[in-house]
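Straight from TrEMBL, the features:
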DOMAIN    1-274  domain 'GH84'
ACT_SITE  Asp115  active site, proton donor
Amino acid sequence: MRGVVEGFYGLPWIEEDRRDVMAMLGDKGLSHYLYGPKDAPGFREGWRAPFAAEDLRRLEQMQRMAERYGLTLGIALSPGLDIDFRNPAEITVLERKFRQLHAVGIFWHGLFWDDIDPLGSPRDLDQFPNPGHAQAWVTNQLAQTLPSSNPNSPWVFCPTEYWGVYESSYREAVRTTLAADIGVIWTGPEICSGQLTRVDAERVREQFGHPLVIWDNYPVNDAEMVHELHLGPLEGRAPDLFEVVAGYLANPMDRAQASLIPLATITRYVSDPRTYDPWKAWSAALDYWGQAYHPMLERLGQATLYSCCRRETEISDAFYQAHRKGVPPSPDAVEAVLAWGSVTLDAFPRPLHAEIAPWVEKLRVVALWLEAVMNQDVDTAQQWQAQAAHNESLVYGGTVELWLRNVAWTK
C-alpha cells in the first residue's frame, strides 16, 4: 500500500487537480488513494447523513478516475466527534453509508478517530472502559460485515493516539480488541515528523499489535502550517522503513498543483527507499512543467523550505545568525533576497499561479523592504514593513523579517 491520503483540513481538491495527482501517482507505480477529507460535508461533520445522489455520482467518477490510473480508491469516515458507542443504530448508519460506496464500486474503507476528545464520552464508560475498546469494537463490526476483498487493501484504523512512541492504556485496548488484519495509522514521533525511523516504527507496531500504515504529514500545510508552502523534497525517512510497515500514505497540501513537486519526490522514495536521494529527486521533480521553469521553482522552493522536514536553509540561517550577533547578513544572502524584487507570477507555470501567489508576493515585498533598509530609506522601508505585516506567508522561515525588524535601524 503506497499512495496518498487526501486527509487535510480545508477545501477538498477540485476534480481536475485530483486527476493530475492521480495521474502522477499511477505513472510512478503507486497503488492507493485514500479519500477522507476533514471538512467535506458527510465525512466528519454530518457523518450520519447518507450520501446524496450527487455526492455518490461524484465519488463514482472518482473511483473511475482512480481505476483509470491503476489506483485503489478508499473512503474513510470520521464519526468520532459525537458517535454514541452504546447505540447499535450508529453502526447501522455507518454500514449503510459504506454499502452506498459498494454500489458505486468502492470497496476499500477506513475509520478515522483522530483529533477528538482522547477521553471519549463519559456515557460510554459503563460499556467500554477505554475509548480504544469502543473505537476498535465499532471498526470490527463494520470490517466483519463488509470485509475487504483485497488483502492489499485492508481496513484502516486511524487511532486517537496517532503519533508518538509510547505505551498507553489506549494502545493496549486497540492491541487487544481490534481485529488482527486491520491496519493502524501512525504519523511518526510527531504529528508532523522530521524523522521516521525503523526503530520507532517497530516499537509502535508492537505497541498497537497491528500492521502499521504510515500517514506522512508531508507536504500538508493545514492547521498551524497554513502560512507555509511545502515545495521541498521529502527528507528524514529511513531507507529500511518498509521492512516494518505495511503501507505508506502521504498527506498533501490543499494546494494540489504545488503538491505535485514534493509528491514526485515521495514517489521516488517509496519506489526505492534504499537509493533515494532527496535532492536528486527534487531536481527531477522541478522539471514537471518543463525545464524552463526549473530555476525559478528551485528558488521558490529554497525560499519556502521551512517545514517539519527542514527548519533552515543557507539564507535563513545567514539572517538568523546576523540577527543573533547584531551584524549585517552576508552579501550573498542579501543579494539572494533582493533578487526577488522584480519577480512576478509570470515566471512560474500558470497552473501554480493561484496557489503560490501569496508567497511570491511576500518575497517581492520583503526584497523591497530589505532594499530600502540597505539604502537607509526609512520612510520607504516602513511602508514595505507595513505591507509585509499584512501578508502572513512564511518565507525564509521568517528570519529575514526578524533581522529587518530588530537590527536594521540600529546598525
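A Cβ is built for glycine as well, from the same backbone N, Cα and C atoms used for every other residue.
In TrEMBL, annotation is done automatically, which means it is predicted and not curated.
A coil conformation is recorded for Asp115 (active site, proton donor) in the three-state DSSP classification, outside any helix or strand. Within the model, the domain 'GH84' (1-274) carries an average pLDDT of 96. If you draw a 10 Å sphere around the CB of the residue listed as 'active site, proton donor', it holds 17 other CB atoms from the protein chains shown.
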